[in-house]
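What follows is one structure encoded as structure tokens, with my remarks underneath.
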Amino acid sequence: MDLINNLAFGISVAASFQNLMLCLIGALVGTLIGVLPGLGPVATIAMLLPITYGLPPVGALIMLAGIYYGAMYGGSTTAILVNIPGESASVVTTLDGHEMAKQGRAGPALAIAAIGSFFAGCVATVVIAAAAAPLTSVALLFGPAEYFSLMVLGLIFAVVLAKGSVLKAVSMILFGLVLSMVGSDLETGAGRMNFNIPELADGLNFVVIAMGVFGFTEVLRNLEVTHSREIVQSKITGLMPTREDLKAAAPAIGRGTVLGSLLGVLPGGGSIISAFASYTLEKKLAKDPRRFGRGAIEGVAGPETANNAASQTSFIPLLTLGIPPNPVMALMVGAMTIHGIVPGPQVMTKQPDLFWGMIASMWFGNLMLVIINLPLVGLWVRLLRVPYRLLYPLILIVCCIGVYSVNNAPADVYLTAAFAVVGYWLVKHDFEPAPMLLGFVLGPLMEENLRRAMLIARGDWSVFLTRPISGALLAISAILLIIALLPMIRKKRDEVFVEEG
């Protein structure tokens with residue numbers, strides 16, 4: 001009964017005119033950047049963070065959430081029509097989605113992707129609402145030692161699930177933790193690694209790092225990539241799938257929803273892993289696996305459903321524990337911090353309008369996305385024909401204005417450019433920047449909880465091992481790291497992200 005009352009309260013918050021409009025803007029922007037290959041939700045949300053300063057906290061987070069799951073919807077359009085995934089989570093959709101488009105069945109492929117995404121989004125919203133209260137009550141039992149250990153586990157998960165070298169992922173997390181220490185010590189006021197530069201006295205701005213490493217770097221990286229955008233030229237008709245299509249897709253949609261909802265809470269990119277896992281599962285369960293890669297509708301339904309369910313359940317650890325499971329959620333932590341909100345279980349009790357309003361807004365957002373994605377598919381096809389060389393100068397100008405507007409400081413623009421160079425170098429040398437951002441966001445929280453735990457324990461380091469929950473979390477972290485370093489497991493990690501020929 002409490003769940004129904006809480007959701008009713010959330011719907012009343014989300015249904016205000018301002019919040020509905022911000023949800024619509026987020027869904028539109030998310031679809032747009034999902035359709036246009038190159039700019040993902042991380043870069044876009046990083047660019048739009050300065051705009052949220054002038055918005056109320058609930059509306060700002062509703063808009064940013066809409067951008068995230070809107071991008072998951074939009075990514076399928078490009079994957080099906082152009083054979084280029086607009087989003088990394090839509091990579092597997094290209095395998096069967098584009099084959100269906102070449103067979104003149106782009107309409108049913110787009111419709112099944114939208115229907116599956118809508119169903120998964122609605123179910124995931126209920127899962128978030130149902131899981132929120134129990135997890136929050138458990139989180140309230142956590143002390144500083146448990147929170148520190150939980151954040152260590154979150155960072156280790158990010159290492160285990162990151163693409164490429166484990167050592168590179170660890171080094172990126174350590175780099176992020178070091179960057180989080182730049183500025184002044186919160187307790188003593190002493191300067192740390194600011195090199196006597198006045199602009200660094202208060203530390204590095206989250207917006208500067210996020211926009212430099214993700215926004216600017218994405219622009220630089222995509223300028224050197226020449227995609228052969230072979231857009232399906234035939235007119236897209238017959239959007240409604242046949243009864244046979246629905247019959248074939250329904251089980252895949254159900255399995256994808258369950259799989260995505262479970263994997264979405266894992267740190268390190270749950271939506272990507274969910275999409276790959278769903279495709280693998282559907283292929284193994286198929287009576288004739290040879291159909292996959294030749295236009296099997298289950299190969300579109302399963303992954304698209306899974307990645308959308310995962311994108312929404314990734315809000316569970318953020319809203320209940322204050323732990324971001326992926327880079328987008330790390331940006332959401334930054335947005336919450338901008339508005340003076342401390343992420344964690346207190347959000348549910350102290351700011352229920354934000355907590356339940358954001359959850360309820362996902363229902364409205366998913367409905368808007370179905371309306372946006374299907375009838376307006378012709379508009380998205382025309383947008384795909386816009387040359388990149390016209391888009392990116394405009395994006396860079398907007399980024400610079402946004403960074404400058406945060407503190408009215410030219411130094412922020414220069415620092416953003418510097419981090420763009422750093423980010424570009426990292427990408428070119430196969431370092432994944434996402435763990436760095438997680439390290440930067442969690443760094444201050446880890447330091448605060450470490451100090452509080454040591455103060456309570458009077459300097460006794462064994463407190464992290466003797467407290468049962470904390471000790472268990474650290475033990476799991478150590479086991480996961482050891483497993484990830486095993487040669488056989490490392491090989492399997494790399495194979496997960498390699499497309500089967």
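Going from the start of the chain as shown, residues are counted 1 onward.
Every residue gets a Cβ built from N, Cα and C, even glycine.
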Task: From 232-256, 257-281, 307-331, the residue range that TrEMBL assigns the feature transmembrane segment - done: 257-281
Open item on the list: Ranking 7-36, 109-132, 138-159, 354-380, 386-404 by the number of C-beta pairs under 8 Å to the transmembrane segment (469-489), which range is first?
Closed with: 138-159
Task: the transmembrane segment (354-380) and the transmembrane segment (42-69) contact flag, 3+ Cβ pairs under 8 angstroms - done: yes
Task: Residue numbers, six or more beyond the limits of the transmembrane segment (109-132), whose CB comes under 8 Å of its CB atoms - done: 3, 6-7, 10, 69, 72-73, 76-77, 80-81, 93, 96-97, 100-101, 236, 239-241, 245, 249, 252-253, 256-257, 260-261, 264, 297, 300-302, 304-306, 308-309, 312-313, 315-316, 319-320, 348, 355-356, 359-360, 362-363, 365-367, 369-370, 373-374, 377
Open item on the list: With a cut-off of 8 Å between Cβ atoms, can you find at least three pairs linking the transmembrane segment (257-281) to the transmembrane segment (138-159)? Only pairs 6 or more residues apart in sequence count.
Closed with: yes
